[in-house]
Structures are given as C-alpha cells and as structure tokens.
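Quick look at what TrEMBL lists:
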REPEAT    160-194  repeat 'PPR'
REPEAT    222-256  repeat 'PPR'
REPEAT    323-357  repeat 'PPR'
DOMAIN    538-630  domain 'DYW'
Amino acid sequence: MKLSLRNIIARHNPIALLDSSSTSASACNPTTTLGQVLQIHGQLLVHGRLHDPDVFDQFVAAVALAAGIASPFLLQYSHRLLDHSPHSDSVFLLNSLIRAHIRGPDPGHAFHFYRRLLGSLSPDRFTFTFLVSACVKAAASPFSAASVHAAAIRRGFASDPHVHSALIRMYAEFGDLEAALRVYSEVRDADTVARTAMLGALAAAGEIDHARELFDDMPSRDPIAWNAMIAGYSQVGRSREALQLFSSMQLEGMRVSEATLVSVLTACGHLGALDQGKWAHSYLQRNRLRITVTLGTALVDMYSKCGDTEWAMEVFWRMQEKNVYTWSSAMSGLAMNGAGKECLKLFDQMKELGLLPNGVTFISVLRGCSVAGLVEEGRQHFDSMHEKYGINPWREHYGCMVDLYGRAGLLDDAVDFINNMPIEPHAGAWGALLNACRIHRNIELGEYAMKKLVEVESRNDSAYVLMSNMYAESRNWEGVNDVRESMKGKGVRKEPGCSVMEVGGEVHEFFVGGKSHPRYKEIVLMLQEISRKLRLAGYTAKTNEVMFNIEEEEKEDALRLHSEKLAIAFGLIALDEGTCIRIVKNLRVCWDCHDTSKLISRVFQREIILRDRNRFHHFKDGTCSCKDFW
C-alpha cells in the first residue's frame, strides 16, 4: 500500500476517514497543510496508535515526505516528532527523512540523518541510493561524493543495481564521465537500469554516438532509455535523428512522457518541422495530457522557431500556469519573428502581473527593441537591469546593445559602447558590429571589427565571409583575395550552406550545389521557371558576393544553386498552392537570395518564412519582415 497519511489512518482507524475529509491528506497531495497533519496526529494519539513503532514510523515518514511537495513546516514538524519519539530509531524512518530532504529546500541536511543512522544502525541499499541523490541535489563537493561512494563500497552496496545506477548518474551530473564509465565497467552483468543510467550519462556529455551503440546493444529498453537517447540527439543538434528515433519509439509501443515530448518539440523547433511539432501538440490533446509549464513553454518555443507566432501566442494565452521562462519564451518568439513592438507590449503585461524579469527576459526585450528600432527604449531597459532589478548584464545583453546601435546606423555609439564595456568584448559584440558595418557599408570600421573578432575567435568562418563579401560588394578584389588567403593560412573553412524544410511530415535537406535530392530534375526545371518569371519582373542577379575569378554567367549559375533557392523551388512543386514555404538555413542568407525571395513571394504569390543563422525573414508580397537588416 502507498505510504501516505490517508493510508495510515485507513489501516489503523478506518472510521476517522468517514468523520472528516479534512483529516486526510496524501503525501502526494499539494494541498496538505500543517493543520490537517495536526488533526491526523490528534486522532492517532486519541486512539493510541502511536504506541505502535510501525505506525509511528510510517506517520513521521509520511509527514516528512509530504513536505517535499507542500510546506517546509511539515518537514520541521517531522523533526519534532522524531525528537520526541518514544521508540528507537529505525532504518526505514531515517531513510525516509534522508529522502524527504532530497526533495526539500535543504538537501544537504540529509547527511545529518545519515550520521544519526550510523550511530546505532546499519545503512541499507536504500540509504545509499538516497544519499547519492542527496550529493547531486545538494551540489556536494567531489570529495563528499567520493566519500559516499567509498562508504557504499565498504558496506558492500556499490554493486547493488539501484546504488550502482545512482552512482553513475551522480558522476554524470558532476561532469565526470570517466568516473561514471569506471563505475559502469565494475559491474559484470549490467541490468536495464544501469545501462540506461550510463546511456543517459553519455548522451548528456555529448558522446551521442557512444550512447547510441549502448542503446542498440541493450537487450531491452524502457521509456527512460528512449527519452535519454532522444534528448541526447536533440541537445547536440542532431534533430533529424531525434525525430526518427521518436518514430521508432512509437512503433515499439513505448509510453510517451512529458520529457519525451519536450525533447521532440525542441528538435522540431530546431529543424523548423512545424507539421511534426503540430502532431506532437495534437498527441497531447488526444491523450488528454496536462500541459505543464515546461511542456507549454516548449510548445511556445517550437511554434516560434517554426515562424508561427500566431499559434505560439495561442498556446501561451491558453496556458493556465506560466512562469518567467514562459513569458520570456513568448517574447523571444515575437522578437525573433520581427514583432518587436508586440514583444515590448507583452513585457509590460508581464510586469503588470507582478512577475519579475530575469536575464533571459531582458535578452528578448533588447532584441525586441532592436528589431523595432527603439534605441532610446533599449537603453532604458538595459540600464534598468541593474538599477531596478539587480541583474548584472551578461555577454548576450552587451551583444544585443551593439546590435541595437548597429541596426539603427549608430556605428560610433556602437564602438563607444564596446569600448566602455566592463567586461572584455566578446565575439558576439564584435560580430554584431561587423554585421552592422556590412549593412551600412563601412569597410574601414569593418576591418577593425573583423580584426578584433578573429583575435577572440581565430577560426570564426562567418567573420571572414562577411569581410570578404564587404570587399566584393565594393569590388575590392584584392581585399577579397587577402581574406581568402588568410583563411587558407589559418585552416579556416567556410561551412557549406544547408537549408532544411518539411513537406508532408518528412524533413528534406538541401546543400549548396547539391544534386542528390530524388526530385532534383523537377527542381532544376522549377529553378528555370523561377528565373524566367523573375527576369520578366525586372530581376537582376547580385553577383558581387560570388567569386571574382569566374565569368558573370557562371556567377549567376552559382547563385541559383544556393541551398535556400533549391528549397524554395522544391516547395513550389511539392506543396499545395498557397501553402507557406518554411525553410531553416544554417548560414546567413546572402543579398541575392534575400532579394530573390522577396520577388518570388510577390511573383508566385507565396509566403516564404526563412530562418537563417541570425533571424527570421517573413517574405510576403515582395517585402521582408527584417526590413533588409540582417
């Protein structure tokens, strides 16, 4: 029977449950109050049940464990009951108090009850399972963690499956993958629990291929193993594999949990796979799963990253419970999709409700100011972080401010801001300045920004590409050649362009110049049709950014095979007429592709939503939401 206050009364005084529902409270019921506990305590005293050591231990344990969910006062009450106990301590009771403190506000206090247990009793496997968890929750020192491990070895419990798995998870949490592997290797026949713990440790450490080998070799896999593997793929950006594994998980008939869906939604957001994200949302609704704060925030983030702010806000406003991260995610989605003023309006609504913003919130707010061109308001929000809310700005906030000045064309202000930063200027700040120099065609300042950027990140390929493009636009071929020679000398290679889009629930990848897509011949024909219609509409290719040592006609061919153009062409032949084309690109979109996309949206009367490395571009009726600044 489940350990709870209700069960204790039902077993030892069934009539009490009928007298008043207020005298019963489950240990897992968040409404449990100290008043209810006092009533139950009184009933047990009146009926003389606390003279029974077993009843006393179960009552104190139930009160302590209820505290983890309800009130810290219950934990204090359980301490007072223990201090006035008419019975000797039991391993069960002290283990329960250790476990309760893991869930409470002071996990480190669990060690007090371990020391008390050692005074007259011998710990068991549950003691060490809970104690190892206490090390993680209390963020104990590596020395303390090793001491618990040593004690488990001395007592002969280190090879117990539950203790063994807890030790693996503990070392993984501390970032000591080597120690976790060493613990795992010490067991001859690791069971599913131990294998799953090791799999989770490898996935969390980014050793995703090693984790997959272990996953594939497991004779049986529980939902936790599937979740760990899907989460691992999602965390390292291998989102296609995360979604493929999720499909396999469903075919296996595995139970899908909240953790699974959060990882799946993260992968959908990364890929811009809106159809699969919508499927996950409908799965929640079909199975009547409660949309928790975590799950709701993941949904808002997924819809935002797929460029569907309408649905993102629909989910946001329907959520019964929201925290500061939910509000920040909604604001971030609006800002990244070019709705800066709406982002700031949402920030005002959040403050009206009395919610305090955090550092994440202000990143969204400053980005909102940037896309809306609200320089003075951005300054005020930046200053308010420390002055009003006591938040010391992060590197990301400084980068946002440089972007704010740069977008507005205030390059001198941007430089002054960088020079007066209280921290060492980072790649984000110099990169924002370099991009602003490209937009406003300030080559001299751009050269300075690039020099500073490569001093911080010598292998930053985007810095070299940006500078090369600036030289090319001004037809400074000597400068272009110098940049490319510098790249060769330092072994820096430009990342190949890749665009991803989803059609019919299937994710398609297009690489620059790629010919491997099964419908490539149709794509080429559509590219020719696009070229014909755009020329009639007055389009002229912007070939300045293309290599200077090839003929003009070849330059146009090279531009036509950029990955986003291949994706757009595929979208025009594969999607129903009028359906929005959604693309995610790994690099910054070039000038020609940007202008071409604007024109295609007008000529073909098709909305195109492109998310590049920097921001979203909503192309519609010949215009872009970024207002030609990216």
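From the backbone N, Cα and C atoms, a Cβ is placed for every residue, glycine too.
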DSSP tally for the repeat 'PPR' (160-194), helix/strand/coil in that order, comes to 25 helix, 0 strand, 10 coil
Distant-in-sequence neighbours of the repeat 'PPR' (222-256), which means Cβ under 8 A and at least six residues beyond its ends
192, 195-196, 199-200, 202-204, 206, 208, 211-212, 215, 263-264, 266-268, 270-271, 273, 276, 283, 287, 507, 509
Determine how many residues of the repeat 'PPR' (323-357) DSSP places in helix, in strand and in coil.
26 helix, 0 strand, 9 coil
Taking DSSP H, G, I as helix and E, B as strand, the repeat 'PPR' (222-256) contains 26 helix, 0 strand, 9 coil
